[in-house]
Amino acid sequence: MSRVSQARNLGKYFLLIDNMLVVLGFFVVFPLISIRFVDQMGWAAVMVGIALGLRQFIQQGLGIFGGAIADRFGAKPMIVTGMLMRAAGFATMGIAHEPWLLWFSCLLSGLGGTLFDPPRSALVVKLIRPQQRGRFFSLLMMQDSAGAVIGALLGSWLLQYDFRLVCATGAVLFVLCAAFNAWLLPAWKLSTVRTPVREGMTRVMRDKRFVTYVLTLAGYYMLAVQVMLMLPIMVNDVAGAPSAVKWMYAIEACLSLTLLYPIARWSEKHFRLEHRLMAGLLIMSLSMMPVGMVSGLQQLFTLICLFYIGSIIAEPARETLSASLADARARGSYMGCSRLGLAIGGAIGYIGGGWLFDLGKSAHQPELPWMMLGIIGIFTFLALGWQFSQKRAARRLLERDA
């Protein structure tokens, strides 16, 4: 086995272990934020939505800067610093008794993610061969699902005693992850050339097709982020107990572990990436619309199952499509920019979703936020369809001219 192949194989195992630690640390804390501050402390959902949206926007919106810096200086220093910063954010969250302190803790957490997320994504693109990326992203998603349910179970158990224990556990896991990277991650370069920060960012922003695709995905993310805000609140309201939230993540884990990899393997042989992304988004959108009209936990979990199946179809295709569009000369910058849609869609989804949830509750129209999210998903589906049809038309024109 050549040294390059050996490095790729070792890199795969490193990425999987690193990803599990990050997922556990994140899901111990974040699914319980809305339960803690909305249900237990009586805050308005929009206040918590602002905090979650701020974290999302900072982490993903500034990702292009984090990626460009990583292109220049390498992955290791950015990843270690970012993980320690997230640990500090979680520690601060444990003592948050005013909205501004929760917002500050989410700001710290988001800045940490800005530093470590783009270089971690770029390492996947660097180490995994193009023909294997779809399956590897599926493995990461399966791991995300298993880690989410384990983290949510652990966090729910700790929440019975003290929310500070929840946050301390998340902080410790990120400190361990920082130590793991500091000890074992080689000083790998992310790009084929050591690209200056400004040049990497400029290269991405001039790629109009990539930027348009990324911004359109904001609508997809408005739906996707509700697993952290409105869906846990809805499950808690219908079930009457915060402990029911863990079953939502258990459903996701079961579906992902049984369906994600087989669906990815089968669909990559029969369907284009664009079609898989659009089909998943359509299922997610249609499953969102009736959520506000259900009154039983069984009906709610059925709709959540459909939502997760849509995500299982769409997410590996989205990741693979984003990676395939990245320029090898500025991988970190491209993977950072690919999170821009998540920054915008996540922020709007959290803040707007929280506001619509409060508005629907006060107006006795609980279906309002869910119908709006479904409509946004349908419009995003149509916009992506138009973009992909334009791209195919341009390709056919070039082939005819040749």
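Glycine is no exception: its Cβ is also placed from the backbone N, Cα and C atoms.
Annotated range for transmembrane segment in Swiss-Prot, selecting from 34-54, 139-159: 139-159.
Under the topological domain names given by Swiss-Prot, Ala91 lies on the same membrane side as Ala363. Of the ranges 99-116, 139-159, 244-264, 300-320, 368-388, the one with the most Cβ pairs under 8 Å to the transmembrane segment (13-33) is 139-159. In terms of DSSP secondary structure, the topological domain 'Periplasmic' (34-98) contains 54 helix, 0 strand, 11 coil. In terms of C-beta pairs under 8 Å, the stretch of 99-116, 214-234, 340-360 lying closest in packing to the transmembrane segment (300-320) is 214-234.
In the predicted model, the topological domain 'Cytoplasmic' (186-213) has a mean pLDDT of 69.
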